[in-house]
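Marked as transmembrane segment by TrEMBL: 23-47, 67-88, 100-120, 140-162.
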Amino acid sequence: MTTPALFEWLNALPLSTYVRESLYLYPALDVIHVVGVIVLFGSIAVVDLRLLGKVFADVPIARLSRGVLPLTFVGAALAFTSGILLFLSEAETIWSNPMLVAKFVLLILAALNIGSWHIAFAHNRAQWDTLAVPPLRARIAGGASLALWAAVLVCGRLIAFIF
C-alpha cells in the first residue's frame, strides 16, 4: 500500500468520517486538543524555566518535576488522543502538510532532548538539584526544550493555514 493510499484508507474509516462530519465532535476534539497542549506545554515550561534559573529557585528541580509530572501525562494523553482523531478525520489531505511534518519532527527532537537530559543528568542531579541557577548544560537543555516546544505550538497552529 502506498503512502497516499494508506491515508486515503484512514480517511475512509467510519471513525474518521464520523469525526469529520459530526457537528459537535470535531470542535470538541479541537478544544480537548488545545487544553491538552496547554497542560502539556505549561507543565514542561515550568520545569524548563526552573532549569534556566528563572522561577522557583528555592524548589529542587527533582521535586518540581515530580509535582508536575502527572499534569504532563494528562496533557500528553489528551493532546495525543485528540490529535490522532483529528488527524484521522483529515488524513488524506493533511498528511503532506509541511507544518504537520515539521511538528512531528520537532516533537521527536523534543522527546530526544528530554531523553538525553535524563540520561546525561540523572546520575549527578543531586549535586546541583538545589542550586538557584543550575549548571550551563542544564540551562541549555531547558532553553532547548522551551524553544522546541514553542516551535511545536507554532507549527501546530499553522497546520490549519498552510495546505
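Each Cβ is built from the backbone N, Cα and C atoms, and glycine gets one as well.
Here the transmembrane segment (23-47) has Cβ contacts under 8 Å with residues 55-56, 61, 64-65, 68-69, 71-72, 74-83, 85-86, 89, 142, 145-146, 149, 153, 156 of the same chain, all six or more residues outside its ends.
Beyond the transmembrane segment (67-88), the same-chain residues lying 6 or more positions past its ends with a Cβ under 8 Å from any Cβ of the stretch are 10-11, 13, 15-16, 19, 26, 29-30, 32-33, 35-44, 46-47, 94, 100.
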